[in-house]
Amino acid sequence: MSIFKNLSALLGGRGFVRNVSILLAGTLGAHLITVAGIPITARLFGPEAFSVLAVYSAILSILLTLATLNLHLGIPIADTHRHALALAVGSGLVLMTLTLNLWLVLLFADNWIVSALNLPDFSPYLMLLVPGFLLGGTYALLQMWFSRQKQFGLIAKTRITRSAGGTGTQLVFGTASNGPIGLVLGHIVYNGMGAFGMLRRLLRDEGVNLKTLTRTELRDSLYNNKKYAFYTTPENLANVAAIQIPILAIAATPAAGQVGQLYLAQNIMMLPMMLIGSSVGQVFVAEAPRYSQEKRLWQFTLSVLRGLAITGVPLLLLLALLAPFLAGPILGREWIYTGELIVWMTPWIVLQFLSSPLSTIFYVTGNQLYAMLIQFFGLGLRVGAVLLSISLAPTWAMQVYALSGAAFYLIMLLAILIIARKLQ
């Protein structure tokens, strides 16, 4: 209850708080399922299997930044309902085209890709990137559509469905075999469960309008939002690559340790951020255009930032305090190092928790170019730091990865505040 009370007192605007609360309820239910499953899956599979999942998740996360060329990000701020629908359909066509291209690349260049990554053990799982890409891109697109429609209850329900389906799949396969395939399939199911439900709702609600869309409307919707493809796609690619390329580099360096430990530590620390931060961010992108038009974006940004700081940061600090003592008893003895990594990651996750929900301010204010430049700086900073550590002190690569993340998100937070202040 304190979470909702803090948000209600600090974020301002009953509609905003109500929408955040709806998403929080769904996300809370989803993550309760995830939290309950983590100790079991950790004992069923072990760090080696999680290392395969870490590689799969890293590659898929990078690919998903290209899923619709980020054209779907224009859906919430389209000027009319029909323009938004045309953009949603156009984004879907881009997604299907890129999915086909991905399948062809993996079909004919699989050996080269595995060799280039220096990860021969990942070869059996390479083609599973195709369904993960299609389902993950579909969910991201539809989530933007229903955010525009302010159907946050539906989004909340799909989050519970995704978590239950993904965790359930991993547990079923884990009891039968401790191979990595169960973890990877669970990841795919997690993406797909929510996507199918929202797609059915869209077809039901907009079936008539979908039939009347013209090629001209689809072409115009894509052309008018091309800035997302040219600016936001490179920006998001740099953002995700800065997080995931170091993971792939660590995975390809045995002396750096098992990347599965890092993956699980990162996922545990992300839970509070995904619980609160993603819900706040989802509503922030829907409400920020109105505050920007009213010249109140600075005050709105500060109120949301205060709410995040009071609501989520104490949870992250408490988790960091307890992790070294609880990792072994809860996850198993082979996961003790995960607790130590959580402590190192805390400054990074705290700053990311404060900045990520507000990062859509660059889109709302038309500052995509600045966002892209910041993300490319972060890519160079984080990848460069980890590669340098691997060459000089590989056993410290994971710690350097965490500290470089803290440095980057501090810069990101300062940039967000500068942008909001200028528009006062």
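Each residue, glycine too, has its Cβ placed from N, Cα and C.
Sequence annotations record features per position, and here TrEMBL assigns transmembrane segment to 20-41 (among others).
The transmembrane segment annotation in TrEMBL covers 53-73 (among others).
Beyond the ends of the transmembrane segment (85-105), by six or more residues, the same chain brings 63, 66-69, 71-72, 74-75, 78, 127, 129-130, 133-134, 137-138, 141-142, 144-145, 202, 206, 209-210, 213, 217-222, 225 to within a C-beta distance below 8 angstroms of the stretch. Marked as transmembrane segment by TrEMBL: 85-105 (among others).
TrEMBL lists 125-142 (among others) with the feature transmembrane segment.
Positions annotated as transmembrane segment by TrEMBL: 236-256 (among others). Long-range contacts of the transmembrane segment (236-256) within the same chain: residues 51, 54-55, 57-59, 61-62, 64-66, 70, 117-119, 262-263, 372, 375-376, 378-379, 381-383, 386-387, 390, 394-395, 397-398, 401, 405, 408, each at least 6 residues beyond the stretch ends and with a Cβ under 8 Å from a Cβ of the stretch.
Residues or ranges marked as transmembrane segment by TrEMBL: 268-286 (among others).
Look at TrEMBL and you will find 307-330 (among others) tagged as transmembrane segment.
The feature transmembrane segment is assigned by TrEMBL to 342-364 (among others). Sequence-distant contacts of the transmembrane segment (342-364) (same chain, six or more residues past either end, CB-CB distance under 8 Å): 73, 77, 228, 232, 265-266, 268-270, 272-273, 276-278, 280-281, 284-285, 288-289, 292, 297, 301, 304-305, 308-309, 312-313, 316-317, 319-320, 323-324, 327, 370-371, 398-399, 402-403, 405-406, 409-410, 412-413, 416, 419-420.
Among the features that TrEMBL reports, transmembrane segment is placed at 376-394 (among others).
As annotated by TrEMBL, transmembrane segment applies to 400-420 (among others). Proximity of distant same-chain residues to the transmembrane segment (400-420), defined by a Cβ-Cβ separation under 8 Å and at least 6 residues beyond the stretch ends, is recorded for 242-243, 246-247, 250, 262, 297-298, 301-302, 305, 341, 344-345, 347-349, 351-352, 354-356, 358-359, 361-362, 365, 367, 370, 374, 377-378, 381-382, 385-386, 388-389.
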Folded-back contacts onto the transmembrane segment (53-73), same chain, C-beta under 8 angstroms, at least six residues removed: 87-88, 90-92, 94-95, 98, 102, 117, 119, 122, 125, 128-129, 132-133, 136-137, 140-141, 144-145, 180, 183-184, 187, 222, 225, 228-229, 232-233, 236-237, 239-241, 243-245, 247-248, 251, 259-260, 262-263, 363
